Amino acid sequence: MSTAFGSLTNHASTRSLEAAIHSCAEELRSASPGGRKRVFSSFFFLQASFVLKSRTRRWNKTANATTAPHAAMSIEIPVGLTELLQGYTVEVLRQRPSDLVDFAVQYFSRLRDTRSQDGDTAGGKTAKGVMFDGEPMQTESNGDDDDDDDDDDSDFEPPPPSRFSRRVSVCAEAFNPDDDDEDTEPRVVHPKTDEQRCRLQEACRDILLFKTLDQEQFSEVLDAMFELRVQPLEHVIDQGDDGDNFYVIERGVYDIMVMGTTVGQYNNKGSFGELALMYNTPRAATIAATEEGALWGLDRATFRRLIVKNNAKKRRVYEAFIESVPLLKSLEANERMKIVDVLGSKQFPDGERIITQGDKAECFYIVESGEVKIMMKSKTKADHADNAEVEITRCSRGHYFGELALVTNKPRAASAYAVGDVKCVVIDIQAFERLLGSCKEIMKRNIAHYEEQLVALFGSSMDLRD
């Protein structure tokens, strides 16, 4: 890195460095969240190169005659400077203010005020961050001001993260979701009225992450959640921040923004914020309220202890199950892992209809436990009073059904009923198309077998093709 840096400062012109900085700034606006770190590194090293180039020219003019004109310098980048400038740069690129100086005053004043309000005492004199070998770099200051500068530095405290300022990256706590040891952390409980708890249960009713929890775990999640009221234009989370909470929407409309561009919207339902907590990554998008709304939050520690750990256990179970399904044996190991990530689970009591003949297909089922019978009415006898359902076949553990409508893009060709208590894993149509493409040929080959069964039962296979 020091070689490249020296090459920039010694050989690049200030004009070419300016052009590179502008180019890097444009790339920042369109960079994906995963690519921003690389772009930021280039951006700030180019800025530093530009400053050093300008100053080196002045230093060379006043250098002592005994000093080599291109002597190496030692550059110390203070810890926290890069993150501080990154936060400011993100806000500039997001809001594009007309007056950068006024905007900078407002931005850094807000950080200073936040620091004063929260009373964070961490900080101190500048620490050494990145060092480039050579002699110490001088600063442009009058000798009379040195003592005052030292006093100011000793009083300086970096602003702590807050809900309204960009949080810089931190090392996440060690967490092993596969650890089977008993939980030792105290339970977090936010008291709620009966009315609040009813509203919370309704908001969480369709949250996929909660569906794998048992009743005791779900009750603990509800205890730990807290209510949050938001105002129009308020940012709930900001892209690039560290994850602190998982959020469930009770009411309100929220824009999803990536690099300042709106890419989607939550309308009075849904949840967000889980990815940063599950994978220790920065927030992938900004979520901003467009109207007054209400959210329920779950803190990072409780989320990881209950949700992530439970999902890790579920993953181990499903990995073993997927390996036992004949249809999926043709997939590569990494493909099976992707399927595990999108699997859902549903339970059906005895006699419940799982899919209905003629309905639009939305998912594909694999029997995890129990037995399912496949029933069909003849289309050629649709007007006949005696057109009763006929049992076609039965599916047990590892067998699948509901795939035909997805392969042929037609309505359900048959109905399916639970025989006793049944548990199925479910793959929705989007995941089916994306992950099971290589299995479609196997499924299509089954059509001929289905047609033979229909000929034996109804005297025709037209029921399947039409």
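Cβ coordinates come from backbone N, Cα and C, glycine included.
Listed in TrEMBL:
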type	residues	note
BINDING	Glu274, Arg283	3',5'-cyclic AMP 1 binding site
BINDING	Glu403, Arg412	3',5'-cyclic AMP 2 binding site
COMPBIAS	142-156	compositional bias 'Acidic residues'
DOMAIN	209-324	domain 'Cyclic nucleotide-binding'
DOMAIN	327-453	domain 'Cyclic nucleotide-binding'
REGION	115-168	region 'Disordered'
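Note: the CA-CA distance between Arg283 (3',5'-cyclic AMP 1 binding site) and Glu403 (3',5'-cyclic AMP 2 binding site) rounds to 36 Å. Taking a C-beta cut-off of under 8 Å and a sequence gap of six or more, Glu274 (3',5'-cyclic AMP 1 binding site) has these contacts in its own chain: Leu209, Phe246, Phe303, Ile307. Residue environment of Arg412 (3',5'-cyclic AMP 2 binding site) contains 20 other Cβ atoms, counted within 10 Å of its Cβ in all protein chains. Classification of Arg412 (3',5'-cyclic AMP 2 binding site) by DSSP places it in coil, neither helical nor stranded. Around Arg283 (3',5'-cyclic AMP 1 binding site), a 10 Å sphere centred on its CB holds 21 further CB atoms from the protein chains shown.
Sequence-distant neighbours of Glu403 (3',5'-cyclic AMP 2 binding site) (same chain, 6+ apart, CB under 8 A from its CB) are Phe364, Phe432, Met443.
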